[in-house]
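Chemist: Below: one structure in C-alpha cells.
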Amino acid sequence: MPKILHNNPQLNKNGELQHLLSIEGLPKSIVNHILDTASSFVGISDREVKKVPLMRGKSVFNLFFENSTRTRTTFEIAAKRLSADVINLNIQASSASKGESLLDTIDNLSAMHADMFVVRHAQSGAPYLIAKHLVETGQSHVHVVNAGDGRHAHPTQGLLDMYTIRHYKKDFTNLRVAIVGDILHSRVARSDIHALTTLGVPEVRAIGPHTLLPGGLDQMGVRTFTDMNEGLKDVDVIIMLRLQSERMSGALLPSAQEYFKSYGLTPERLALAKPDAIVMHPGPMNRGVEIDSAVADGSQAVILPQVTFGIAVRMAVMSILAGTHG
Ligand code: CP
C-alpha cells in the first residue's frame, strides 16, 4: 500500500532519521546526536578489533554514479566496521551503462534484500527520488544516504566538517567561519552553511569572485566577500573549496593562475586569520589553484583528520539509520 511522504522525507512519523538526504531541515538535536554518536566510534580505529556488531546481517549497497576517493572508501570502511555486508556496485560495468533506469536498478538491488543505499549522483535530487520510490513501493525499511548529489547537498561531508570543527574549537557559538572559493557549484558549501547555522555559528562568511557566489546567501545568514584579504580577517575556521570545473558552463574565471592570485590560500593570507585558525578542505585538493602546498601541509591544516573523522561520522549515520524503522 503506497504511503504519503512525510513533509520532511528524511524523518519517519516519529521524527526519527529515516534517510539522510540533506542537512537542510534537520533538527539541531539530530545533528548533535550524529556528532555525539560519532564521538563514541572514533576510538574504534585504535583498537585491535576495529569492529562492532551493530549492523551484522545488514546489506549496504554503495552506488557511486560519480567518481569518489574519500566518500566511497570511508563509507565502505564504516559499514565494515559496523559488521555490515558491503556491496560496491561498479556502475561502469553495471546495467546502468546499458540504459537501465535508476529506479529499475534500485528495484533489482532491493530484490537482493538491500537494507541501505549510499548514493552519489551527478543529478541533484537523485537520492530523494530513490527515497520517495522506496516509500511509494512499500519499502520504507530500506534507508538512503546521500553521498553527494549534483551541486545540491553532501550531508555526510557537512557532518564530518562539523565534527572536525567541534573537535578543534569545542564550541560553535563563538566562531567566525569562512568558506572560500566556488560556492556556486559546491554541494559541500551548501551543506556546511546549513550545518553551521543550525549549530548556532554566529558568523558564516562566503568568499569568492562574484561569478562563483550564488544569490540568496544573505537570506541564509551568510556574509559575502569578494576581497579575500578582507574576508579572512580574524576568522577561526577556513574551509577551502575546489573549483568545480566539471559543473561550470562557460568561462566564469580568467584562468587558474589568476584565480590563485586572488583567492589562493597562501601563508601570507592565512596570517590574516586568527593565529589558531584551522584550515579545512573536503578534497580533492588542487594545489596551486585554491591552496598553496605550504598551507595544505602546514601545521594549521586539518585536512587529513577530516578524512579520518569521516569514518566515525559515517558509522554514526548508518548505525542510527539501521536502528530506525519506516
Ligand atoms: N569530499 C569528497 O566528497 O571527496 P570524494 O569526491 O573523493 O568522495
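Quick reminder: no glycine exception, Cβ is built from N, Cα and C everywhere.
Note that TrEMBL annotation is computational and uncurated.
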Chemist: To which of Arg47, Arg120, Arg205 does TrEMBL also attribute binding of carbamoyl phosphate at the site defined by Arg70, Thr71, His154, Gln157, Gly283, Pro284?
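Modeler: Among the candidates, TrEMBL records only Arg120 at this carbamoyl phosphate site.
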Chemist: Around Gly283 (carbamoyl phosphate binding site), which of the listed binding-site residues (Lys98, Arg187, Arg242) come within 10 Å, judging by Cα atoms?
Modeler: Arg242
Chemist: Of Gly283, Pro284, which of the binding-site residues has the most Cβ neighbours inside 10 Å?
Modeler: Gly283
Chemist: Based on a Cβ-to-ligand 1 distance below 6 Å, what subset of the binding-site residues Arg70, Thr71, Lys98, Gln157, Arg187, Gly283 would you report?
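Modeler: Arg70, Thr71, Gln157, Gly283, by Cβ distance under 6 Å.
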Chemist: Where the distance is taken from Cα to Cα, which of the binding-site residues Arg70, Arg120, His154, Gln157 turns out closest to Arg187 (L-aspartate binding site)?
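Modeler: Spatially nearest to Arg187 (L-aspartate binding site) by Cα position is His154.
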Chemist: Once the DSSP letters are reduced so that anything not helix or strand counts as coil, what is Lys98 (L-aspartate binding site)?
Modeler: helix
Chemist: Measuring Cα to Cα, how many angstrom lie between Thr71 (carbamoyl phosphate binding site) and Lys98 (L-aspartate binding site)?
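Modeler: Cα-Cα distance, Thr71 (carbamoyl phosphate binding site) to Lys98 (L-aspartate binding site): 26 Å.
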Chemist: Would you mind giving the whole-number mean pLDDT across the domain 'Aspartate/ornithine carbamoyltransferase carbamoyl-P binding' (18-166)?
Modeler: 95
